[in-house]
Amino acid sequence: MKLANWYWLSSAVLATYGFLVVANNETEEIKDERAKDVCPVRLESRGKCEEAGECPYQVSLPPLTIQLPKQFSRIEEVFKEVQNLKEIVNSLKKSCQDCKLQADDNGDPGRNGLLLPSTGAPGEVGDNRVRELESEVNKLSSELKNAKEEINVLHGRLEKLNLVNMNNIENYVDSKVANLTFVVNSLDGKCSKCPSQEQIQSRPVQHLIYKDCSDYYAIGKRSSETYRVTPDPKNSSFEVYCDMETMGGGWTVLQARLDGSTNFTRTWQDYKAGFGNLRREFWLGNDKIHLLTKSKEMILRIDLEDFNGVELYALYDQFYVANEFLKYRLHVGNYNGTAGDALRFNKHYNHDLKFFTTPDKDNDRYPSGNCGLYYSSGWWFDACLSANLNGKYYHQKYRGVRNGIFWGTWPGVSEAHPGGYKSSFKEAKMMIRPKHFKP
């Protein structure tokens, strides 16, 4: 009912407003004296406004007076709200147009950087763009694959160059050592006025630095035990075991195998620093062996004994071990002795001029594996061995992999069946002393 009344009042007001407008238009050109007779229409307040801002109004149209509802004052507010909404809609339209322009700007540019007109439907343009991106990705993938192949080729060339440079360095060092050896021998032969070795050793000699066991022998030490030596003053001194009895004495022991109390399946760092008990089983250490063989020209003696009581030896008139940079490369001279030259067995098994290999560092010439890992030890392997004094210690003959202490020229070894029992050694010892030492 209220809605119907409100609708009727609104229609009456609008009709009145339209009548006023029409009346005003028709009487615009009437003279002033005729304007006096026009009926006045007034919109006036009929009371005080309430707190909510609702004010009562009435329209006077003599003889008619129409009282408007209080909500009539809200018409102006509604009108303003509609205007605001129209402005918001217009603003959103403009924003949408800007977005469309920006999206067009992000499209594919032409060769000159200008936007090209679209010749197809939006879906077709998107599909074309996807295909172009896929083509670019495939092209980049192909280029990346080619780059990886080139990197691998360069790595291979670099390794070859490093190997060539290493061989050149080794040959250079070997030639320098050989030249120095020749010079020393020449000077020793020309020194005819020098006092004899017997005269030198007959007088007590006081050494400030003992480079090896022969220096202790020279001052009268005859007891086989541990002594402290300093082969290189630039490096720290260290203890060694001296054999003062075998073949005139003065020997510095590098390695000893007696009872299997020490494990020789060790890492590169262990063989580098040394391990074991100097009075029982041990490896002196590759760094120390290098310093000892660098300070003087040394000879090498190897003593072997099997469980049958057979004792044989091998003697080499030169022995030198390079530094770690050259992977402790081995050099031995001419052979003499009773055990046979197992270090230079034949052209296929030759330990001379070979690098040191351990289970965790492969420097041997076997292309399909690590000889140190297979034979459980560190040694100057070829591909793989005709000798290995650092193999496992077996207390009797054994079968399987020949990973025990091994000397390929030992009597009876060549007759053994490959799948049969292998001989083992009771004792093995490596020791050095200066080449020109005289007891």
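Start at 1 and count along the chain as shown; that gives each residue its number.
Backbone N, Cα and C atoms are what each Cβ position is placed from, and that goes for glycine too.
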Quick test of reading the record: Swiss-Prot lists a disulfide for Cys213. Which of Cys99, Cys191, Cys242 is on the other end?
Cys242
If H, G and I count as helix, E and B as strand, and all else as coil, what does DSSP give for Cys384 (disulfide bond)?
coil
Just name the winner among Cys242, Cys371, Cys384 (the disulfide-bonded residues) by count of other CB atoms within 10 A of its CB.
Cys242
On the three-state reduction of DSSP, what should I expect for Asn336 (N-linked glycosylation site)?
strand
What three-state secondary structure does DSSP assign to Cys213 (disulfide bond)?
helix
